[in-house]
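**Q** My structure is below; once you've seen it, I'll send some questions.
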Amino acid sequence: MVKQELKIQVTTSSSSLSHSSSSSSSSTSALRHQSCKNKIKKYKGVRMRSWGSWVTEIRAPNQKTRIWLGSYSTAEAAARAYDAALLCLKGPKANLNFPNITTTSPFLMNIDEKTLLSPKSIQKVAAQAANSSSDHFTPPSDENDHDHDDGLDHHPSASSSAASSPPDDDHHNDDDGDLVSLMESFVDYNEHVSLMDPSLYEFGHNEIFFTNGDPFDYSPQLHSSEATMDDFYDDVDIPLWSFS
């Protein structure tokens, strides 16, 4: 009888230890997951989808609908898209993720309150900003810019010097030229693009995440023919910075 009671006590004790160890392991795993989640840098207007992509949208001024800005592989790219759209809508006083974006984009440097942009144009500007190299969002070196300008201004006939420029510089100049060329295409830009469902919850410019309702049941891609911006807008250009 004594041996049987001892055996029962030992078995119960082992079961308790196993349960305690399992609970401790689960708790540690949960804490580690939460810690990793907290380390992810948060950007205004950007949210991470469950499968890892980053999405962003922005509300059109004086409207309940939102302009879909795209789905991107990194949070930084989505944040650049949001910044470009917000800057188009609110001007230099906008609270941006990357404040120096205005010094690296020729187009964004030249817009003013008299500029008229359609939602489709804003989408295109956002996509260009998102796909730009991250180097574009680092303040340029004054010394390097001075040397580069001297080479172009004082030696315009030195084609061999231009041909020997590093490939990265050529790529940088091409991207800047693409942004500037957008100005000519805004008025006649009729390419089909996707837009978020206008019945979504409210989403303010200064919120870090979208509403907890997770309205993104799909990931529409730019240049899709299934839905057009005309379904939600009357193709009326938006006067910049004319709202609070």
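Glycine is treated like the rest: Cβ placed from N, Cα and C.
Straight out of Swiss-Prot:
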DNA_BIND  42-99  DNA-binding region
COMPBIAS  11-29  compositional bias 'Low complexity'
COMPBIAS  143-156  compositional bias 'Basic and acidic residues'
COMPBIAS  157-166  compositional bias 'Low complexity'
REGION    1-33  region 'Disordered'
REGION    123-178  region 'Disordered'
**Q** What are the DSSP helix, strand and coil residue counts for the DNA-binding region (42-99)?
**A** 20 helix, 16 strand, 22 coil
**Q** Given the model, what does the mean pLDDT over the DNA-binding region (42-99) come out as?
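**A** Residues in the DNA-binding region (42-99) carry a mean pLDDT of 90 in this prediction.
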